[in-house]
Each structure stands twice: as C-alpha cells, then as structure tokens.
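Novice: Not my notes, these are from TrEMBL:
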- 1-99: domain 'Cupin type-1' (DOMAIN)
- His2, His4, Glu9, His47: Mn(2+) binding site (BINDING)
- His4, Glu9: oxalate binding site (BINDING)
Amino acid sequence: MHTHPGATELLIMVEGQITAGFMTPFAVYTKTLKPGDVMVFPQGQLHFQVNSGKGKATAFLAFSSANPGAQLLDLLLFGNSLPSDVIAQTTFLDVAQVKKVKGRFGGRG
C-alpha cells in the first residue's frame, strides 16, 4: 500500500495480469487488469498493485507531476522510532505484533 501525495497515477497494463485498487473513506475499488486495461489512482489515495497472474506482469505508469512523491504505508508506520505502544493504541494491533512488524522494517521503540 502506498500513496503519491503529489500526483495522480495512470497505469496502462501491457503484459500479464495484476490486481490493483484504491481506497476512499467510503469505498474500495479493485480491478483485475489485463493487457490494454487502464486504471487511474487519484492523487493522494492509498492504493496497491499486485501480480495476480501466473507469469511476469508489465505495466507503464505515468504521473500528473514530475514530482509525485511516494509514501509506503508499512514503512511509514513501522520503519520508525515512534513508540510501539503508541502505534498499538492507534491500530488494531497489540504491542507484541507491532514490535514484530517493526523488526521487519527496521523500526525501533
């Protein structure tokens, strides 16, 4: 899961198959994309793309800005020194789960 705070993203599927989607506060939009399909991810929306086919997948991406930025949700949440108890209090995870995931992303605290 990631966002691009500075741009809208356009994905054009070229080869293979991916499942892609984005979330708004009220809905989740997902689609299985095959060659020729196009999907747009609105600026700043949390979104994902995963290879859901049997082989490799290729897509072209374009952004509405030369500086789209990228914020990786997992890295932002768990790859830092924010105390684990604070993260546990603001998520549905307990402190042990938070510490385990922080270990995978190089976080501490």
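Every residue, even glycine, has its Cβ placed from backbone N, Cα and C.
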Novice: Sequence gap of 6 or more, Cβ distance under 8 Å: name the residues on the same chain that satisfy this around Glu9 (Mn(2+) binding site), in order along the sequence.
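Specialist: The list for Glu9 (Mn(2+) binding site) reads Val40, Phe41, His47, Leu61, Ala62, Phe63, Ser64, Pro68, given in order along the sequence.
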Novice: Just how many other Cβ atoms lie inside 10 Å of the Cβ on His4 (Mn(2+) binding site)?
Specialist: 22
Novice: Just to confirm my parser: what is the rounded mean pLDDT across the domain 'Cupin type-1' (1-99)?
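Specialist: In the predicted model, the domain 'Cupin type-1' (1-99) has a mean pLDDT of 94.
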Novice: Are there any residues at least 6 positions away along the chain from His2 (Mn(2+) binding site) with a Cβ closer than 8 Å to its Cβ? List them or say none.
Specialist: Leu46, His47, Phe48, Ala70, Gln71, Leu72, Leu73
Novice: Within the domain 'Cupin type-1' (1-99), count helix residues (DSSP H, G, I), strand residues (E, B) and coil residues, in that order.
Specialist: 18 helix, 38 strand, 43 coil
Novice: Relative to the Cβ position of His47 (Mn(2+) binding site), how many further Cβ atoms are located within 10 Å?
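Specialist: Summing over all protein chains shown, His47 (Mn(2+) binding site) has 21 other Cβ atoms within 10 Å.
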